[in-house]
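Only one structure is covered here, and it is reproduced in the block below.
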Amino acid sequence: MGQELSQHERYVEQLKQALKTRGVKVKYADLLKFFDFVKDTCPWFPQEGTIDIKRWRRVGDCFQDYYNTFGPEKVPVTAFSYWNLIKELIDKKEVNPQVMAAVAQTEEILKTSSHTELTTKPSQNPDLDLISLDSDDEGAKGSSLKDKNLSCTKKPKRFPVLLTAQTSADPEDPNPSEVDWDGLEDEAAKYHNPDWPPFLTRPPPYNKATPSAPTVMAVVNPKEELKEKIAQLEEQIKLEELHQALISKLQKLKTGNETVTSPETAGGFSRTPHWPGQHIPKGKCCASREKEEQTPKDIFPVTETVDGQGQAWRHHNGFDFTVIKELKTAASQYGATAPYTLAIVESVADNWLTPTDWNTLVRAVLSGGDHLLWKSEFFENCRETAKRNQQAGNGWDFDMLTGSGNYSSTDAQMQYDPGLFAQIQAAATKAWRKLPVKGDPGASLTGVKQGPDEPFADFVHRLITTAGRIFGSAEAGVDYVKQLAYENANPACQAAIRPYRKKTDLTGYIRLCSDIGPSYQQGLAMAAAFSGQTVKDFLNNKNKEKGGCCFKCGRKGHFAKNCHEHIHNNSETKAPGLCPRCKRGKHWANECKSKTDSQGNPLPPHQGNRTEGPAPGPETSLWGGQLCSSQQKQPISKLTRATPGSAGLDLSSTSHTVLTPEMGPQALSTGIYGPLPPNTFGLILGRSSITIKGLQVYPGVIDNDYTGEIKIMAKAVNNIVTVPQGNRIAQLILLPLIETDNKVQQPYRGQGSFGSSDIYWVQPITCQKPSLTLWLDDKMFTGLIDTGADVTIIKLEDWPPNWPITDTLTNLRGIGQSNNPKQSSKYLTWRDKENNSGLIKPFVIPNLPVNLWGRDLLSQMKIMMCSPSDIVTAQMLAQGYSPGKGLGKNENGILHPIPNQGQFDKKGFGNFLTAAIDMLAPQQCAEPITWKSDEPVWVDQWPLTSEKLAAAQQLVQEQLEAGHITESNSPWNTPIFVIKKKSGKWRLLQDLRAVNATMVLMGALQPGLPSPVAIPQGYLKIIIDLKDCFFSIPLHPSDQKRFAFSLPSTNFKEPMQRFQWKVLPQRMANSPTLCQKYVATAIHKVRHAWKQMYIIHYMDDILIAGKDGQQVLQCFDQLKQELTIAGLHIAPEKIQLQDPYTYLGFELNGPKITNQKAVIRKDKLQTLNDFQKLLGDINWLRPYLKLTTADLKPLFDTLKGDSNPNSHRSLSKEALALLDKVETAIAEQFVTHINYSLPLMFLIFNTALTPTGLFWQNNPIMWVHLPASPKKVLLPYYDAIADLIILGRDHSKKYFGIEPSVIIQPYSKSQIDWLMQNTEMWPIACASYVGILDNHYPPNKLIQFCKLHAFIFPQIISKTPLNNALLVFTDGSSTGMAAYTLADTTIKFQTNLNSAQLVELQALIAVLSAFPNQPLNIYTDSAYLAHSIPLLETVAQIKHISETAKLFLQCQQLIYNRSIPFYIGHVRAHSGLPGPIAHGNQKADLATKTVASNINTNLESAQNAHTLHHLNAQTLKLMFNIPREQARQIVRQCPICATYLPVPHLGVNPRGLLPNMIWQMDVTHYSEFGNLKYIHVSIDTFSGFLLATLQTGETTKHVITHLLHCFSIIGLPKQIKTDNGPGYTSKNFQEFCSTLQIKHVTGIPYNPQGQGIVERAHLSLKTTIEKIKKGEWYPTKGTPRNILNHALFILNFLNLDDQNHSAADRFWHSNPRKQFAMVKWKDPLDNTWPWPDPVIIWGRGSVCVYSQTHDAARWLPERLVKQIPNNNQSRE
């Protein structure tokens, strides 16, 4: 801390002086406050140690983020002002011109005077070089360093740092010739930092022309000290010139092999260059060059020497085997990534090693597996470096870095530039660090835990090493490492860190735990930590006290041996008396060597240290002592008093104990056992000195009859407290026991549980019931407070009917029992009058007199039972009870519902109703499934091969051991099978299709995937994955039997083993929904408690996001608890705590959301099914990719053609190129999180074919696309934009919950007004939108592609007829004949089409082709074409529909090529109206008619009529005048009619004598019509005329609707006969018939023969429908009403009777006099013969006669009827 503060002050001092030189005066205190704010917002800044422009701009970015996050009130007013002042100071482009001139002059002097090595050395004070002035000017950079292309004869130029202090040669400094002043290795490594982001633009690491390095200067006043520095430089220049002259003279005098070298080569001829600053010409490898003596450690593969002429030569030498051996030994003994091994590797890497040398070295040192791992990592690092080199443009590619391709030879690799060697070094060492730790199989980071005696620093080192392997660098996971450094530390270190956990960083942790060693030091370390000191300082401070306390008298200033009082008191030596131990001699007890007492009883061993050996000592425990096993029981008589006048006996702990506040009250052993002396009881009180030290001793009462061990109840109040062994901490006060006559409740106490006498809680009981009124989900309930009830119970009568409840698997017991009671399906929010609230899930029981509030609710309300008695209250306080904190030892209370614990020993005593309800713990399970039928389903098990059967047996055994299945005797059975996965493992599957068919399917709870873009920007996230989610959710017990299966045996050697699933089975239709509901219920409490969190749950993936990281972790902790309670488990390896996250197929990295890398397997795309799957996946990713519909059109076109899924498909060149584009888009495109504080913009771009939408907030958020296939064949582009607006608004509300603030589309305001007036979609799209509709796009490069498509409005096709235009009429026929007429000319031609619409479209194309340059007024009788052709001008994409799309495309091209407008209008055909337009249309229509070459015969006409209408044989015979047998053969040969045989008529019904006299009415069902399956049928019994309508039901209102329709066709009947259905017998229907004066009669109940006529009509109608439904006539296909009307047309107008009359003829042209025979009949009542009357029906043995006298029909036996001739005789 002191170092950081001194550096802090030094910054401020220098900045104040620097600002003062610019005329800016600031206060020292203000700058200190400013840097305090810098430290808070940028914790990394003080550790950097330097201010330069790049770091300072990072500080500015942090300021801006802090401002955006917390607002202006959290930022000091002067923060940005001071930041700008300092930026101007350190930005060289903005420095005072005078200062710049002085610096430039200094650099010029340095350039001309740095030919020699300066003997002075820069100051080693790191605090001086705090502020650097970087130059962004390339020229300045180039001039600040020596030229790379200097002549080789010149010496290297050195630029020492400009210092403020006087520099002088230090006698202890190393020889300047041994110091490499270039010192660019570190800078080069930083320039090629492999941890840089891969796509950031940065300056090239090495410029071949002018290398540059930053000029580092201290902030000084150049004007004041420049002269002094220049004078020093001039002196050094003179010395250098003399030095160079001396060297030249000595070189001329050299003889033999003696050589005098420059200081650069003073250490030897061969050196390994360390980043030379000058360009060194490379020579060829000189193998024959004479080698001088070299030390082994300096022998490395590539070395460079400089000869006397200054020429540089490179050599390639072999490795010194001592280096390889040392590295091999270190890797074998300590591991490849041990610190010692890495140090050797780094020392080797400091030299020039070619890629081949690295590969040779690694292969020699490491094992085969590690070598391959290193090689793969090395190649990956080189690949990333090559990508950065490509951006930098320095030409160093992947082959050069790996030594492959053209650079595989050693000669080629020797010629590499120094910078390239540095990159190879960085890639190789980084790959080495990725090697696995020795003995570590690859454990996860959370598995690294500190051992009991492991030093904390070693533990942190292991954490950082593991994090480096996982994250690539330890810095990337520093927050995670810090968290685990506390969580996985041992208890001693955790206790030391805990008070400072949020106040320091990882280095602070290490400092706090530096003195914590083995267990015996832990107590001392904890005490020191909580006093804010190290152990050393803690001990030193204790030793600073002058003099100690005397152990004899307790006074300071002398020791016990010099105590005068002790000497005075013991002047007379006291002789020992009778030994209290053995009672057999006069000697001191501690000198007693007897093993038995005077009675012969064995004596316990001595306590304390003895000469025979070390004392046994108590067992030591950190968290509380236990009585040593060797320590014997001590009676009360062994206790001592502190002084003769002490009232109490001293109690002490038998072991060293450390107590923390988190532990709560602990029982400390004393080794003292009861009973107490007769007629006494004990009172335990704490010593006052102990209380001052923070140890609270709870008072306690010791009963006289208690014989167990007396313990001290103690608790650490605020800090960690160490209780040494033997220290007095409490006193036992013996008090007299007064016996009373009170009744004894229990027998002798003996060795019962430790504590005082049982306490009875006293509460006054009154006649008033303790009732309480609460609100559950805002509904008021009143109930009794029942402290004995485990759960809350609501009576069924008070429970709202619409609140869902479910059956449970528990029993409620009390005074009586309730089995499987119902419980609320969801948690309810309770609220009291004071607005306190919580969550409960009450039970619901019928016939309960009153609601009961149980402890699950009372504990949340923190209700306490208090007594007015001070004695009882004091007793409870003595037992450790603190009001408001609960009775737990941690005093933390119970804030959540009490877990229900079963009590099986309680029995009922009668009728159910209890005041204390005990509940068996419910087993949580999935909701019960609703079944269509309870009929068992049994599907036989398939036979399995021996291999598959063995695999199935093994898998079943594993599931049985896991508890997922159980043995079964269920009557249900479905087959199982096994499949082998690619990994070679088997997978067990069950065919549940038969079971799925019997269940009611649950709807999808999440119809779509959640989008990560809706997570608020800047939120911290935690993502978890539930482990085996389906197998963690129990099935409802009532459903388990339905998922049974059998395990067969070969050759039926044994009975099949039967099992059934206990958990959600896979492939069960409702498993996903049940899983989602179960998990959603489990995390409901978390959602309610953390409403500020953004929680996403999809299947087994859960994401938590929030602003505050600490709150996110707390929410995560509660989530883990709730999931654990629900039986769900989190996969530890799938907990994601930091970027990059992987979620639902996306990668979340900071604000960016990208798709995971994907490679499309083009060789697998062969069938329509393959392409359909591929396009489905691409379409799912399109909201996150910049791919338009036009881009994907080549792939969409592959889906056209044969509909067979296995039909062959192939990739076109365009589609192949598109797949590459898709891969690139997936790899490069990204979207961002939404910022809800900014306006949300929805941009619409004019892309080809269809428009494209984009949600935008300074960056893309989500792309929106219309379907690839338009909803209409011809969809205008402006209508497509309207559809996109609707889709965008829908997406905005669905994903973000808001409407877009601004919608930007391509049309101007005047164009939008036109669209609002002339289109249907635009008013709908903009309805109720209150945002801004604009056409000005934001300025951004990404938005430029919106200009790709030019939009158009109708210009060529006029909406009104043109003047002076050519009048043309077109027509087409289904025979393929097309024609158009103009004036007196008619042109017709034959086409190969058979659709009248398409033939007429051909005629229209011919007109546009024939008159391209003339205005036209075209009229057609096709309303379809008259509407479609005007749309072609604005349609961008035409839906593919066989020939239609081709003809429309051809017509559209003709329209685009026209420059003269035309008009197209519609005229009704065959209207018969006068005038030229009707005449012209008729003329064109006649031109399409063709004269048949031969006249069809009657037989052919009958066959065609039957094919179209399926007429019966009678009708065909009469209608086409063909023989009866030919008509029957036509019907028999029809494949449809052959299955419908005629049904004989077995009876007769009364019929009306006139039309509309008697109707019969009924309802029949035809399920294929869906919602319109109810067919209401009425038939006129006189004529057989049939009427029918389709209704959605059969109630009275539907019957009345049907009759009104019938009345509108044939009028009102006199009588209607129906059955006894509720729709006919209702009061409303009776009133309806009475109002219209219609007589309504019903038949015999449940006797359908009374409705025989209408029942036969049902059969005829359904038969006709079945026939025509299978035909090919266009109007009847797919439309129920058309099919029904066609059937009625056939039955009423086409079917003829033997009189050649249809039902319509009989109804409209009735002649009853010619139809009925006249008879006379005998009335059996009066024996009269009234005659003549007509016969309605002549049946078998009976006749129905219509009595004209009585105006009613009479049924008579045939013997009472006599037929008379039918003439005009009158009645007698």
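Keep in mind that glycine also has a Cβ here, set from the backbone N, Cα and C atoms.
Here Swiss-Prot has ASP1562, GLU1655 binding Mg(2+) 3, and the candidate from ASP1619, ASP1697 in that same listed site is ASP1619. Binding of Mg(2+) 1 is annotated in Swiss-Prot for ASP1100, ASP1101; the matching candidate from ASP1025, ASP1039, ASP1139, ASP1170 at the same site is ASP1025. It is 548-565, from the ranges 548-565, 692-709, 962-979, 1070-1087, that Swiss-Prot records as zinc finger. Across the motif 'PPXY motif' (203-206), mean pLDDT in this model comes to 40. CYS1537 (Zn(2+) binding site) falls within a helical segment according to DSSP. With respect to their backbone Cα atoms, ASP1371 (Mg(2+) 2 binding site) and ASP1025 (Mg(2+) 1 binding site) stand 67 Å from each other. Taking the Cα of GLU1400 (Mg(2+) 2 binding site) as the reference point, the closest of the recorded positions ASP786, ASP1025, ASP1101, HIS1506, CYS1537 is HIS1506. All protein chains shown were included, and the count of other CB atoms within 10 Å of the CB of CYS1537 (Zn(2+) binding site) stands at 19. Other residues of the chain with a Cβ within 8 Å of the Cβ centroid of ASP1025, ASP1100, ASP1101, the Mg(2+) 1 site, are ILE1024, LEU1026, CYS1029, TYR1098, MET1099, ILE1102, ALA1131, LYS1134.
Highlighted in sequence order, THR1507, LEU1511, ILE1530, VAL1531, ILE1536, LYS1667 have their Cβ within 8 Å of the centre of the Cβ atoms of HIS1506, HIS1510, CYS1534, CYS1537, the residues recorded for Zn(2+), and are not part of that set. Within 8 A of the CB centroid of the Mg(2+) 2 site residues ASP1371, GLU1400, ASP1421, ASP1485, the other residues of that chain are PHE1369, THR1370, GLY1372, SER1373, ALA1379, ALA1396, ALA1403, THR1420, SER1422, ALA1469, ASN1481, ALA1484, THR1488.
The highest number of surrounding Cβ atoms within 10 Å, among the binding-site residues ASP1025, ASP1101, ASP1371, ASP1421, is found at ASP1371.
Comparing Cα positions, ASP1101 (Mg(2+) 1 binding site) lies closest to ASP786 out of the recorded positions ASP786, ASP1421, ASP1485, HIS1506, HIS1510. Cβ environment of CYS1534 (Zn(2+) binding site): HIS1506, THR1507, HIS1510 lie under 8 Å away, each six or more residues apart in the same chain. Checked against ASP786 (active site, protease), the binding-site residues ASP1100, ASP1485, CYS1537 differ in C-alpha distance, with ASP1100 being the nearest.
Per Cα geometry, CYS1537 is the residue among the binding-site residues ASP1421, ASP1485, CYS1537 nearest to ASP1025 (Mg(2+) 1 binding site).
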